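*Asks:* Here's the feature list from Swiss-Prot:
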BINDING   ASP276, SER277, SER278, GLY326, MET327, GLY328  NAD(+) binding site
BINDING   SER331, ASP366, GLY367, GLY368, GLY389, SER390, GLN451  IMP binding site
ACT_SITE  ARG439  active site, proton acceptor
COMPBIAS  517-526  compositional bias 'Basic and acidic residues'
Amino acid sequence: MVEILDYTKALEVLKEYPGDGLHVDTLLDSDSHGALTYNDFLILPGSITFPASDVSLETRVTRRFTIKAPLLSSPMDTVTEHSMAIHMALLGGLGVIHNNCPPDEQAEMVRKVKRYENGFIQDPIVLSPETTVGEAKELKTKWGFGGFPVTEKGTLHSKLLGIVTSRDIQFHKNHEDPVTAVMATDLVTAPAGTTLAEANEVLRSSKKGKLPIVDKDGSLISLLSRSDLMKNIHYPLASKLPSKQLLCAAAISTHDADKVRLQKLVDAGLDIVVVDSSQGHSTFQIAMIKYIKQNFPDIDVIGGNIVTREQAAALIAAGADGLRIGMGSGSACITQEVMAAGRPQAAAVRSVSAFAARFGVPTIADGGVQNLGHIVKGLALGASAVMMGSLLAGTTESPGEYFMSSEGQLVKAFRGMGSIAVMEDKSKSGAGNNAGASRYFSENDKVKVAQGVAGSVIDRGSITQYVPYLVAGVQHSLQDIGVQNLDALREGVNNGTVRFEMRSASAQTEGNVHGLHTHEKKLYSS
């Protein structure tokens with residue numbers, strides 16, 4: 001007969017047992033059961049002692065840059081252009097602008113991100129007295145905002161005459177009239193030396209849309225915008241520099257020709273460059289990383305893609321500030337099938353991240369993310385952040401138009417950068433290198449070997465609702481695991497207090513919806 005113990009001694013008796021579940025190294029012992037991916041395991045729950053709202057997701061994405069939501073959008077031409085990059089940054093993540101376009105077009109997208117939100121705007125668009133109403137309307141259409149200061153010479157450090165707002169020009173019929181005929185001259189200004197906090201307070205109380213900062217001679221030296229003040233209130237997690245500009249990243253290839261592209265991106269205000277290649281351990285990438293670090297020391301470099309410690313060591317030694325992990329795991333990628341090269345994502349993320357952490361280099365788990373749980377698993381295995389392609393491709397902010405599928409569903413086009421559709425598309429790359437062909441070392445091949453496919457993804461609405469769902473979901477997951485931030489998650493995994501369990505095929509079936517005649521899978525409400 002089994003002895004029934006005193007229930008008050010339960011915690012004491014528990015000490016007689018080894019920890020439930022598996023240590024991460026046992027879980028990922030490929031000698032025992034082969035390499036794993038995200039669906040092959042679960043994280044065991046811990047103890048909840050705090051609300052989910054107290055969970056911090058702040059993380060480093062490179063050596064120098066920190067973001068508050070560990071989410072990045074992929075540099076694919078059906079995922080990230082300026083609209084996606086702006087909104088990812090506003091929501092605490094980071095968008096990486098694709099390079100399958102002419103350099104000037106990509107630089108213009110970077111410029112739009114950097115101009116979207118500011119503290120003191122040090123390089124505002126300034127009009128001269130000769131600028132016409134029509135020209136002001138064109139500038140508003142180009143940049144997506146109105147409210148342009150007018151100075152005597154049409155430049156900064158020239159005497160301020162007035163401000164032209166969207167309301168001033170919206171219904172003005174004569175496009176040939178000078179802006180001086182419609183501009184506002186009853187301005188509230190602040191003197192040089194005013195702090196940002198003081199200037200924001202003046203802006204709040206003035207009820208004006210813009211606050212020009214002027215020197216003792218009345219010359220314009222910078223500008224503050226009410227819309228930026230409102231963005232600070234509405235987007236508290238925004239990824240920003242101390243100057244209050246949004247953080248911006250963009251991709252380039254490993255080709256020497258892209259050194260010119262890089263210069264244009266830097267001139268536009270780029271913060272982080274992603275050297276984009278399907279196989280990052282190449283002499284071309286190593287040379288490009290060294291070139292960037294030598295010539296642009298203020299720009300952080302993310303190298304990749306890689307899946308082994310050996311690849312990681314080469315890029316870290318070259319000076320990479322961050323690493324992108326994943327080869328053949330993306331939803332639109334067929335590299336593993338066609339090239340017989342790659343690695344299951346869970347094994348790759350753990351191996352590379354554990355090694356890179358010894359050098360203080362953050363890693364990004366790129367590919368294989370099919371749902372919210374996969375994001376958490378990538379982070380638990382050591383990634384500082386997770387990069388998404390197909391999960392974001394169907395959102396309002398991704399490039400392209402919605403269309404109706406043959407099944408009557410609203411969808412958007414989505415294609416892997418290794419697909420023939422990208423490699424043969426000359427409409428985006430223009431006269432420059434095709435980014436898809438460059439990424440897969442195929443630009444000079446007579447026969448293009450596809451490493452990706454083209455298709456469509458279902459409408460996911462706006463990322464202004466979708467990304468907050470992902471953030472809240474990760475917070476609740478960490479609460480279930482019993483850790484309050486990502487550093488604690490990684491520390492718990494490394495020291496064995498955060499435990500794992502393998503999943504059989506039957507366990508995976510059990511852990512999904514089953515046994516219902518019909519069901520509706522609604523992921524979130526807001």
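We count from 1, first residue shown onward.
A Cβ is built for glycine as well, from the same backbone N, Cα and C atoms used for every other residue.
Note that the coordinates shown come from a computational prediction; the quantities given were computed from them, not determined experimentally.
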*Asks:* For the compositional bias 'Basic and acidic residues' (517-526), what does DSSP give as the number of helix, strand and coil residues?
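*Replies:* When I sort the residues of the compositional bias 'Basic and acidic residues' (517-526) into the three classes, I find 0 helix, 0 strand, 10 coil.
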*Asks:* Helix, strand or coil for GLN451 (IMP binding site)? Use DSSP.
*Replies:* coil
*Asks:* Taking Cα-Cα distance, which of the binding-site residues ASP366, GLY367, GLY389, SER390 are within 10 Å of MET327 (NAD(+) binding site)?
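*Replies:* So the list reads ASP366, GLY367.
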*Asks:* Cα within 10 Å of ASP366 (IMP binding site) is the criterion; apply it to the binding-site residues ASP276, SER277, SER278 and give the hits in sequence order.
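*Replies:* Cα within 10 Å of ASP366 (IMP binding site): none.
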*Asks:* Given ASP276 (NAD(+) binding site) and SER390 (IMP binding site), what distance in Å do their CA atoms have, once rounded to a whole number?
*Replies:* 18
*Asks:* Given the binding-site residues GLY367, GLY389, SER390, GLN451, which lie close to GLY326 (NAD(+) binding site), meaning Cα to Cα within 10 A?
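*Replies:* Among GLY367, GLY389, SER390, GLN451, the ones whose Cα sits within 10 Å of that of GLY326 (NAD(+) binding site) are GLY367.
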*Asks:* Out of SER277, SER278, SER390, GLN451, give me whichever of these binding-site residues has the highest number of other Cβ atoms within 10 Å.
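*Replies:* Top count of Cβ atoms within 10 Å goes to GLN451.
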*Asks:* What is the maximum Cα to Cα distance, in Å and rounded to a whole number, among the residues ASP276, SER277, SER278, GLY326, MET327, GLY328 annotated as binding NAD(+)?
*Replies:* 14
